[in-house]
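Engineer: Quick one: this structure, given as structure tokens, is what I'll be asking you about.
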């Protein structure tokens, strides 16, 4: 039944007055949007284990909601997605599309494309030209096979088919590379550069296709009109690059970090510029999204202005409006149109031709550039990724009636299949070498036992952000020996890969392979401070600084940390604690929590690290006067090493020895010893009934010889005292009340840093804390005491876990009550198995 569009009302009077909200535009749009979002999110959840990009779920959701599945029920289709509502849905979706293409323009850095060299350009050129030629060949077959396909202009149809088969989706590819941890590899950099070339070429071809297309099969458009459209389009691009681009650079400078407040007028002006640019290209005769894309290219990529624009619009556009566009594409797709062996054979032909053209073209040229066979093949598969631009081409083709329903459905399914197979295929054929490296020093003690003059200390320091820089630099500098071994420092900036991470951020951080905030902020105090610190540090004679970036989901980013530690033969990993604390006025402390997810990252690194690990609880460490340099003579940092006994404490003592070599660091060792009058029967521990790592401290389950451990402790202390006698403070403290004694050292304010072992093999003194209230079990009992913000500790804390591959199994344990002691005497063993006794 036909509907008079002018009679459609926006909102209803409500059900109480007899109106059905679904007969009115706005309530129906709300229902449609909600249905699309819920279904696409549910499908994205189902496809997440397969590591599929979100675009797959959104297209499939649209297909399911449309005539292919749910739409077979005509009552549902006419009630939820009536024909009169589709222009409204598509109009709202098109606004989202307009701004998303503006974001895509933001993602493409033209200057970086020019820097990528001949290899990326050659790969992109072959990856476009061969599929384009194959697309023309398929177009001949489709025109002769599909009914009605030959009614469209020959040139229009060939160009649309060629473009449809040759496109690579730049944003979708960035997401896939990041998910596969390939973004920072050479393969990822080449793929992104080639995809950027491909994207620019695709937009040129799309503009050509739109200019050539008429409004229907029967229309004969004068070739002169197409020429005028193309010339006007070129003039528009030239105007944007010559006039608007310098203007946007001026706007970006006005919004630089040097200015505390960004004028909202500039943000609004830019968003209005997106709309105006879209209107101008629509006026010319090219699609409005072309104008938004070109306007995005004019925005400077350096500085904070681009990121602030992304923060303002990305969530709303990508999370709400863009799924409507993908879903509307699916709603137009009727898989039932593909019926019979001939049609399905045609679908197989289109898919195989698209894959073969893209993969073979890219593979052949990559081999010519002397890339490995596996890398070349993986690159071909990655370049076969389709996505948003593909859908835009197909939708415009259907809108211009160049593609009929059957051809449109075939090409939509082709885009789905080629994108779906990308991730599993790349995982199958290309796995970066992650084998074990050559013999390396896994803990500081191993390094001490070698000829130090020929060896170097390698440390991997991880950062969450700018706030971690001063404390990390101060800690590393304090551990730098001025006399003996070299120091090689690897700085890793940890970036969470979330659904809202734009590929502009991902690609810039990955491609430049350095601290993103160093490269991004070319002006301003932050940049000068960070780059100045690291440049000064790297200029020291025996220090080498190598920055890098890890971009992963929080659930897997520990794999990147451990992999770099393995391949770079690192001796110790330094992790920032997930809470940062500052001393305020009086006794008040300000706590910044970066999130529970980062705490889980630390826990996974502690469990899987191939070397020793240190967790730094920062309370302003680095705000003192310690200046990197071998000639420093003033004491600027005071460090206290707490020693209870055990492997972790011995590693902490080893670090203390390195700190003692630095002339600007004063080290004090406080050794806790048992009260002679106390009972010497030890402490009984047994596995916790709850098995919860959050409610109890975990201790190692390995069986050790207590007498041998005590001998090792005594030997290390004796060696340390003989080596540093007179240069390091040493006191022995009788353990009366461990909690009060430890907190007293942390609260006194005499020490800038307190270093403790995690205590996985606890001494009797530490074992007594097993039933203490747990807040951060990953730090061990003593570390947890000092890290808690409720105890008003003033010193920063460094908790150290020594690497020992034979003693990795840990289990939550509790202290056995005194009443049960006698009953369990006969069951005691020397490890935390069923029942263990710490002596």
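Just so you know, glycine gets a Cβ as well, placed from its N, Cα and C.
Because TrEMBL annotations are produced automatically, they should be read as predictions rather than curated entries.
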Engineer: For the feature transmembrane segment as recorded in TrEMBL, pick the matching range from 343-369, 370-396.
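Structural biologist: Here TrEMBL associates transmembrane segment with the stretch 343-369.
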Engineer: Given a Cβ distance threshold of under 8 angstroms, which distant residues of the chain, six or more beyond its ends, lie next to the transmembrane segment (225-244)?
Structural biologist: 207-208, 210-212, 273, 277, 280-281, 284-286, 290-291, 294-295, 297-298
Engineer: For the transmembrane segment (24-43), could you work out the same-chain residues 6 or more beyond its ends whose Cβ comes under 8 Å from its Cβ atoms?
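Structural biologist: Here the qualifying positions are 8-12, 54, 56-58, 60-62, 64-65, 80-82, 85, 88-89, 92, 320, 323-324, 326-327.
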Engineer: Which range wins on Cβ pairs under 8 Å with the transmembrane segment (190-213): 120-142, 154-178, 343-369, 408-430?
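Structural biologist: Maximum Cβ contact count belongs to 154-178.
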Engineer: Between the transmembrane segment (408-430) and the transmembrane segment (55-72), are there three or more CB pairs that fall under 8 A, provided the residues in each pair are separated by 6 or more in sequence?
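Structural biologist: Yes, these stretches are in contact.
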Engineer: Which whole number is the mean pLDDT over the domain 'Cation/H(+) antiporter C-terminal' (638-803)?
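Structural biologist: Its mean pLDDT is 81.
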Engineer: Hey, does the transmembrane segment (154-178) touch the transmembrane segment (120-142), meaning at least 3 C-beta pairs closer than 8 angstroms, sequence gap 6 or more?
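Structural biologist: Output yes: the transmembrane segment (120-142) sits against the transmembrane segment (154-178).
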Engineer: Select the range from 84-108, 343-369, 408-430 that forms the most Cβ-Cβ pairs under 8 Å with the transmembrane segment (265-295).
Structural biologist: 84-108
